[in-house]
Amino acid sequence: MLRRRGSPGMGVHVGAALGALWFCLTGALEVQVPEDPVVALVGTDATLCCSFSPEPGFSLAQLNLIWQLTDTKQLVHSFAEGQDQGSAYANRTALFPDLLAQGNASLRLQRVRVADEGSFTCFVSIRDFGSAAVSLQVAAPYSKPSMTLEPNKDLRPGDTVTITCSSYQGYPEAEVFWQDGQGVPLTGNVTTSQMANEQGLFDVHSILRVVLGANGTYSCLVRNPVLQQDAHSSVTITPQRSPTGAVEVQVPEDPVVALVGTDATLRCSFSPEPGFSLAQLNLIWQLTDTKQLVHSFTEGRDQGSAYANRTALFPDLLAQGNASLRLQRVRVADEGSFTCFVSIRDFGSAAVSLQVAAPYSKPSMTLEPNKDLRPGDTVTITCSSYRGYPEAEVFWQDGQGVPLTGNVTTSQMANEQGLFDVHSVLRVVLGANGTYSCLVRNPVLQQDAHGSVTITGQPMTFPPEALWVTVGLSVCLIALLVALAFVCWRKIKQSCEEENAGAEDQDGEGEGSKTALQPLKHSDSKEDDGQEIA
């Protein structure tokens, strides 16, 4: 346990010692803080909650409590051996002394500033040691935006106006959104700047440039991302002279189709009145959705291109009512709707669509596996076509023209220019012969790119190794059969010989018995003869 000796400045040394204990002790004492950041408004007071569970018989004389900045280890407030050591943080911090004995080690931070934002660590030491960090998120609401126009008088349809939206004294940096009267977001021709003052609070200035229509409402929304608080403001601009429809602007009904890398002409025309002078003409081309300026002609002078210097008018034809725009080196990103604004005494506008396209390359066909193919093998056929736009339609068919839709997987990926590379994979089981065709179609150009492959499966044949193995096995089998036949023949022959030998033995025994019987007959006959003689 740390003990305080000497001057009150010992609190700093206690903080250093506890900082060392951070690395040495196990933190058996459980210290609890909120998981979510504490959000505090600038100028208000904030409470950084911290608590621990005191053991029975706990005394404040045993408590050492340190609050410090987590990153810099700067001391904020300390309590040691039963005494509050006070604040080292501009005298703006305080503990809750009446609640310390209950385990409440929370810190009250007064008159919060932007610079206070960050992480604070609560160190608690009794017999054991514990610590935890809590985050402070500072915020300040933004003021209601003010809207200004430049120019702000004598406005006519077709004029270009700069609208500035300003909001002050907020924190952190704001998110700014513009939209028109129909709620459509406006992202083109917007410039936003944010600058912090001495207190760290931000002033926001967002500028939108638009071409006026008959009537227009423009809204600015400034959002505080921490407070999720929105500050709104809007302005409605009504030009002094409403359009009478005298200026009829004509554009094609169908989209203009242009190939990537070529030039496209977006046609727009109007009917000039007698005595018309180019000094009276205000002509604006802009993107319909985002209102981004593309090209302008004002008071008899071409103001040039604000579209990467790729646009031009037809100056020799303007006096005849030709307000067409030439767009050079078309890109995929150019696709969309362009609005042609014409203002003389009256006003008119119309929108024309640009459809970008790029033909697909002739498909290349690859096989996997690509050799030693036999009927019945499964083969993967890949059809690849490159640098087309928009996304392609892919069709497969066999040699008889039958569509193949099963086991087909197609992927399309755009490169940095927005052009698509197409890879379509077909898995098939080979027959004796097979032709497979891949068709890649551009839906805008209605252009088809074909590729095909004919696969002839090799007939079933035995390799030389298999033939020699078969011959060897056949010879071995024949030899085995011959050997078996020979053994059987020997067995049969031996059996026959044994039977013949047995038969001869029986015949010899029969003859011997007959010979033995014959002398008996002779003796009997002699006896008979002797009897007779007697």
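For all residues, glycine too, the Cβ spot is worked out from N, Cα and C.
Per Swiss-Prot, the residue from C49, C50 that shares a disulphide bond with C122 is C50.
Per Swiss-Prot, the residue annotated N-linked glycosylation site among N104, N309 is N104. Swiss-Prot lists a disulfide bond between C340 and one candidate from C268, C438; that candidate is C268.
Checking the candidates C220, C383, C496 against Swiss-Prot, the cysteine paired with C438 through a disulfide bond is C383. Sequence-distant contacts of C165 (disulfide bond), defined as residues of its own chain at least six apart whose C-beta falls under 8 angstroms from its C-beta, comprise P145, S146, M147, V176, W178, V204, H205, S206, I207, L208, C220, V222, S233. Across the domain 'Ig-like V-type 1' (29-139), DSSP assigns 12 helix, 53 strand, 46 coil.
Residue counts for the domain 'Ig-like C2-type 2' (363-456) under DSSP, helix first, then strand, then coil, are 0 helix, 61 strand, 33 coil. Rounded to the nearest whole angstrom, the C-alpha distance between C50 (disulfide bond) and C340 (disulfide bond) is 64. For C438 (disulfide bond), the same-chain residues that are 6 or more apart in sequence and have a Cβ closer than 8 Å to its Cβ are P363, M365, I381, C383, V394, F395, W396, S424, L426, H450, G451, S452.
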